[in-house]
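Colleague: Sharing a structure here in structure tokens format.
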Amino acid sequence: MAMKAVCVLKGDGPVQGTINFEQKESNGPVKVWGSITGLAEGLHGFHVHQFGDNTQGCTSAGPHFNPLSRKHGGPEDEERHVGDLGNVTAGKDGVAKVSIEDSVISLSGDHSIIGRTLVVHEKADDLGKGGNEESKKTGNAGGRLACGVIGIAQ
């Protein structure tokens with residue numbers, strides 16, 4: 001049975017969006033789609049963070065969701081956090097159209113992202129290839145522009 005989830009992204013500034021998730025089989029890939037507006041043109045890190053806690057804005061969401069205790073990487077890398085979804089790309093109009101399929105995140109089980117926070121970052125994610133310690137943790141993606149808790153959808 002297909003599972004669906006949704007996340008409404010909001011922040012302190014103009015960045016906002018809605019991201020949808022669908023997983024047709026419990027061990028199958030998750031389709032991720034939607035749009036984010038109010039971004040500066042270019043690449044922005046896009047990650048699922050550990051906690052569904054937004055009591056102190058996006059900072060209380062904690063680090064990237066990483067149940068396997070791995071180093072940060074890109075979505076195509078073997079060595080990555082479960083929550084590492086790479087980058088979204090905003091055009092001149094400040095809109096990022098998101099269309100991703102990921103086989104590491106899940107909407108159920110040990111890698112479930114339900115109840116965790118999705119974050120869009122200020123800068124590009126270097127996918128763990130930046131050559132410093134921060135790159136291996138966060139991809140040097142910078143501040144958290146907007147976030148929201150991922151919830152079950154109809």
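Glycine residues also receive a Cβ, built from the backbone N, Cα and C atoms like all the rest.
Quick paste of what Swiss-Prot says about this protein:
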- ALA2: N-acetylalanine (MOD_RES)
- LYS4: N6-succinyllysine (MOD_RES)
- CYS7: S-palmitoyl cysteine (LIPID)
- LYS10: N6-succinyllysine (MOD_RES)
- HIS47, HIS49, HIS64, HIS121: Cu cation binding site (BINDING)
- CYS58-CYS147: disulfide bond (DISULFID)
- 62-81: region 'Disordered' (REGION)
- HIS64, HIS72, HIS81, ASP84: Zn(2+) binding site (BINDING)
- LYS92: N6-succinyllysine (MOD_RES)
- SER99: phosphoserine (MOD_RES)
- SER103: phosphoserine (MOD_RES)
- SER106: phosphoserine (MOD_RES)
- SER108: phosphoserine (MOD_RES)
- LYS123: N6-succinyllysine (MOD_RES)
- LYS123: N6-acetyllysine (MOD_RES)
- LYS137: N6-acetyllysine (MOD_RES)
- LYS137: N6-succinyllysine (MOD_RES)
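Can you tell me where each of these features sits in this structure?
Modeller: A 10 Å cutoff on Cβ-Cβ distances gives ALA2 (N-acetylalanine) a total of 11 other Cβ atoms nearby, all chains included. Under DSSP, ALA2 (N-acetylalanine) is assigned to coil, being neither helix nor strand in the three-state scheme.
Around LYS4 (N6-succinyllysine), a 10 Å sphere centred on its CB holds 15 further CB atoms from the protein chains shown.
Taking all protein chains in view, 23 other C-beta atoms sit within 10 angstroms of the C-beta of CYS7 (S-palmitoyl cysteine).
Cβ neighbours within 10 Å of LYS10 (N6-succinyllysine), excluding its own Cβ and spanning all shown chains: 15.
Long-range Cβ neighbours of HIS47 (Cu cation binding site) (same chain, at least 6 residues apart, Cβ-Cβ under 8 Å): HIS64, PHE65, HIS81, GLY83, ASP84, LEU85, LEU118, VAL119, HIS121, ASP125, ALA141. DSSP assigns HIS47 (Cu cation binding site) to a strand segment in the three-state reduction.
Every protein chain shown contributes to the tally, and the Cβ of CYS147 (disulfide bond) ends up with 25 other Cβ atoms within 10 Å.
Cβ-based neighbour count (10 Å, all protein chains) for ASP84 (Zn(2+) binding site) stands at 30.
Non-local neighbourhood of LYS92 (N6-succinyllysine): GLU41, each in the same chain, at least six residues away, with C-beta under 8 Å from its C-beta.
The Cβ of SER99 (phosphoserine) has VAL32, TRP33 as same-chain neighbours under 8 Å, each 6 or more residues away in sequence.
In this structure, SER103 (phosphoserine) belongs to neither helix nor strand by DSSP; it is coil. Same-chain residues at least 6 positions away in sequence with a Cβ under 8 Å from that of SER103 (phosphoserine) are, in sequence order, GLY28, PRO29, VAL30.
Close to SER106 (phosphoserine) in the fold, though at least 6 residues off in sequence, lie GLN23, SER26, ASN27, VAL30, SER112, ILE113, each with a CB less than 8 Å from its CB.
Within the same chain, residues at least 6 positions away in sequence whose Cβ sits under 8 Å from that of SER108 (phosphoserine) are MET3, GLN23, SER26, ILE114.
In the three-state DSSP scheme, LYS123 (N6-succinyllysine) falls into the coil class. Taking a C-beta cut-off of under 8 angstroms and a sequence separation of 6 or more, LYS123 (N6-succinyllysine) has the following same-chain neighbours: LEU43, HIS44, GLY45, ASN140, ALA141, GLY142, GLY143.
Listed in sequence order, PRO63, HIS64, LYS71, HIS72 are the same-chain residues at least 6 apart in sequence whose CB falls under 8 Å from the CB of LYS137 (N6-acetyllysine). Mapped onto three states, the DSSP output places LYS137 (N6-acetyllysine) in helix.
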Colleague: Near CYS147 (disulfide bond), which of the recorded positions ALA2, LYS4, CYS7, LYS10 can be found within 10 Å, Cα to Cα?
Modeller: CYS7, LYS10
Colleague: CA-CA, which of the recorded positions LYS4, CYS7, LYS10 lies nearest CYS58 (disulfide bond)?
Modeller: LYS10
Colleague: Centre the Cβ atoms of HIS64, HIS72, HIS81, ASP84, go out 8 Å, and tell me which other residues of that chain have a Cβ in range of the Zn(2+) site.
Modeller: HIS47, PHE65, ASN66, ARG70, LYS71, GLY73, ARG80, VAL82, GLY83, GLY128, LYS137, THR138, GLY139
Colleague: Can you name the far-off residues of the same chain, 6+ from the ends of the region 'Disordered' (62-81), with a Cβ under 8 Å from a Cβ of it?
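Modeller: Distant Cβ neighbours of the region 'Disordered' (62-81) are 47-51, 53, 100, 102, 104, 110-111, 113, 116-117, 125, 127-129, 135-139.
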